[in-house]
Amino acid sequence: MTEVTREVFGQMPQEEGGGVVEKFVLKSDSVKVEILSLGCIIAALETKDRDGKFADVVLGFDTLEGYTRKHPFFGAVVGRVANRIGKGRFTVEGKEYQLFLNNGPNSLHGGARGFDKVLWSPQVLPNGVCFFRLSPDGEEGYPGDLKVWVTYTLSAGELAIDYRAQTSKTTPINLTNHAYFNLAGQGSRDIYDHEISIEADSYLPVDDTKIPTGEVATVQGTGFDLRQPVELGKHLQKFRLDGFDHNFCLQPAQARHLAARARHPPTGRAMEVYTTQPGIQFYTGNNLDGSLKGKGAVAYPKHSAFCLETQNWPDAVNKPHFPSALLRPGEEYSHTTWLLFSAA
């Protein structure tokens, strides 16, 4: 049985359009998750260790002010297009579109004011909450009025995130959640003692601006072979990697399939990621540098969290051989991601 409550979390600044930000708390016997109407942000996620002790395993802030300042998309739904679009440019049906560049020469996670920075309209469900917004034609340079629904539901140890969208004009779309996890508990120094596995035979090599080169490369014999669990710190050392910020290519499937697993042996906490998407971005918090102070005034240094962002492949709108990123009028964009938490 899931209990759902709501409360006021804060008031948006007038220069951001004002409005009340609500917090929705979903609680089962084994998981408690707090979600904001700002950016559909997962602000806290508490789960048990093997001794039944709860800890909050996602990075974030105690107050609204943290989320209205610049931060690296902690816990947010990002869109219209998650990840990077090369040079912030694409052509659809013969027309070229130019987006705001907010990541070197590229556009990242929807642009200057993406889905993470706006208020969504909530509707409480028996076991969760559904958020809706209309992204107007031309918002951040994207074509078409886009209706978007993001639904969070909690059942025992499983959090499901369901994404749906409809458009009035053909537009690229790629929605994901950008939660930063540390299964030892947020505020723990690093993730080196975590075991990670990803169910992918191939990955996308990137250029020096993190845009896929277009090659789909095998993981075999490389540091990207995570098909068997690896201890992250030792693995990074062994392959002399600074960290991961790459798309792993999952087996094409319409149905739910296992994409990745993370485990923290000292506490027994584990998280499995299931999805219907063709890709998952594994990011190891390489750009965290300790300058941001989060919950409990704890600094978040490099490699203090990881993200497993289920997604379509990055820059797919500019790469015809990648899975299509386009949504057309009369179609529905729909996918679900499931996060399953356990401890042993």
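Each Cβ is built from the backbone N, Cα and C atoms, and glycine gets one as well.
The model shown is predicted, which means the values in this text are computed figures rather than measured ones.
According to TrEMBL, the protein carries these features:
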- His178: active site, proton donor (ACT_SITE)
- Glu309: active site, proton acceptor (ACT_SITE)
- Asn83, Arg84, His178, Ala179, Tyr180, Asp245: beta-D-galactose binding site (BINDING)
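Where TrEMBL records a feature, it is marked here on the structure.
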residue : record                        : Cβ neighbours (10 Å)
Asn83   : beta-D-galactose binding site : 29
Arg84   : beta-D-galactose binding site : 22
His178  : active site, proton donor     : 22
Ala179  : beta-D-galactose binding site : 27
Tyr180  : beta-D-galactose binding site : 25
Asp245  : beta-D-galactose binding site : 16
Glu309  : active site, proton acceptor  : 24
| query | Among the binding-site residues listed here (Asn83, Arg84, Asp245), which has the Cα closest to the Cα of His178 (active site, proton donor)? | reply | Asn83
